[in-house]
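**Student:** Reproduced below are the annotations present in TrEMBL:
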DOMAIN    34-323  domain 'Histone deacetylase'
BINDING   105, 155, 309  substrate binding site
ACT_SITE  147  active site, proton acceptor
BINDING   182, 184, 270  divalent metal cation binding site
REGION    413-468  region 'Disordered'
COMPBIAS  437-468  compositional bias 'Basic and acidic residues'
């Protein structure tokens, strides 16, 4: 009987986790000296592979978002500009570059439009997967670009994949909660849903002489959306304990008052200690605690990327949070991977907090918490919505699996709509019998070989020194 109970508990903690990734994402380059490096997403992917976390994920390559899917939020004029302007012809677009804020922070780089398609396509596909009840958690580390506006690029973001994903979720969900733990205020998403009560936006961010300058405690939404935008402005040096002391009470109250049927969590890693742009002092454990908090509610959750300008820490953070999503504990010692040298000198997963001063005094936090709770108390009930026909899914061909099967390349592998029906039971997975024999991805397999090679190289070097 105890075994049966243990089995049920284990099943309850298990979630179907869909993960969206396109191997091209790491090839896009904002330009020399630019702090935004899409390569960090590829580094994350390699850590996931070598830790073996991919075994617990359903890995998908998203369809690139089409023009008309992106214009569900963005203006046609702006999207046409992103599609046609290139570094070679930018002289023809001087006026438009000013108008759409493309140039300085948001440079016009090779393949920009495709980059936007992949980022947005991942979040749209994740939303469709959740709507179809085919996943409990959907992850798109290529997304999370929360500063982009309807007709304007901002803060390294061009298209707002989060807004597109939430619009898709609203076709099936009455209320969607958006939570932003990036060090910067999630202004693009807040602005998009500022006047509606169907989306509540909550942002924890650094406020005061810091980009984008919005996100004051007093900004609470307007019209029908009044009190459905929450901002928690924080000061420099916030650590894990301080962060959770305000995050948990605020979000517990939000869940109770708003009762969302889906959550979108923006996991910007620039709120970690040691970020090139962020002045916070969080570790992976404090940041990841936010993922664990929402996972415990057992409601559909989409996790997206965002900021993060120390690539090795971004990869550490998103790998750890993917492991939290699938409820797997992973060792602190990093497995050998293609980018192993990035993680020196200690080659560990977790990072230590710095000795920076925490400017968030207990008095200040108490004042912020009281103000936020007061605004939440003004919400009388969770808003409802009238019954209406459900529109088609964003990614048209996802509505018709036969069309997808026809389009599939027969030389590569069978289409997922066929393969989903022949998934192996979890108990059947052990190395040596899965397709392609997976032992090379065991946590320590490559590492041992690497250590031997390093020892030999050191020995050879010492011999050379003696010869000299």
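Each residue, glycine too, has its Cβ placed from N, Cα and C.
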**Student:** Between residue 105 (substrate binding site) and residue 184 (divalent metal cation binding site), find the distance joining the two CA atoms and give it rounded to the nearest Å.
**Tutor:** 15
**Student:** Would you list, in sequence order, the residues of this chain other than 105, 155, 309 that have their CB within 8 A of the centroid of the site's CB atoms, where the site is the one recorded for substrate?
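**Tutor:** After dropping the recorded site residues, what remains is 35, 36, 147, 156, 211, 277, 307.
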**Student:** On a count of neighbouring CB atoms within 10 A, which of the binding-site residues 105, 182 is highest?
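**Tutor:** Per the Cβ count, the most surrounded site is 182.
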**Student:** For the residue listed as 'active site, proton acceptor', write down the residues of its own chain that are at least 6 apart in sequence and whose Cβ falls under 8 Å from its Cβ; none is a fine answer.
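**Tutor:** Result: 154, 155, 156, 157, 160, 184, 186, 187, 188, 212.
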**Student:** Note the mean pLDDT of the domain 'Histone deacetylase' (34-323), expressed as a whole number.
**Tutor:** 97
**Student:** For the recorded divalent metal cation site, whose residues are 182, 184, 270, find every other residue on that chain with a C-beta no more than 8 angstroms from the centre of their C-beta atoms, and list them by sequence position.
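**Tutor:** My list of surrounding residues reads 183, 205, 268, 271, 277, 278, 306, 307, 308.
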**Student:** Who sits close to residue 309 (substrate binding site): which same-chain residues at least 6 apart have their Cβ under 8 Å from its Cβ?
**Tutor:** 35, 36, 37, 270, 275, 276, 277, 278
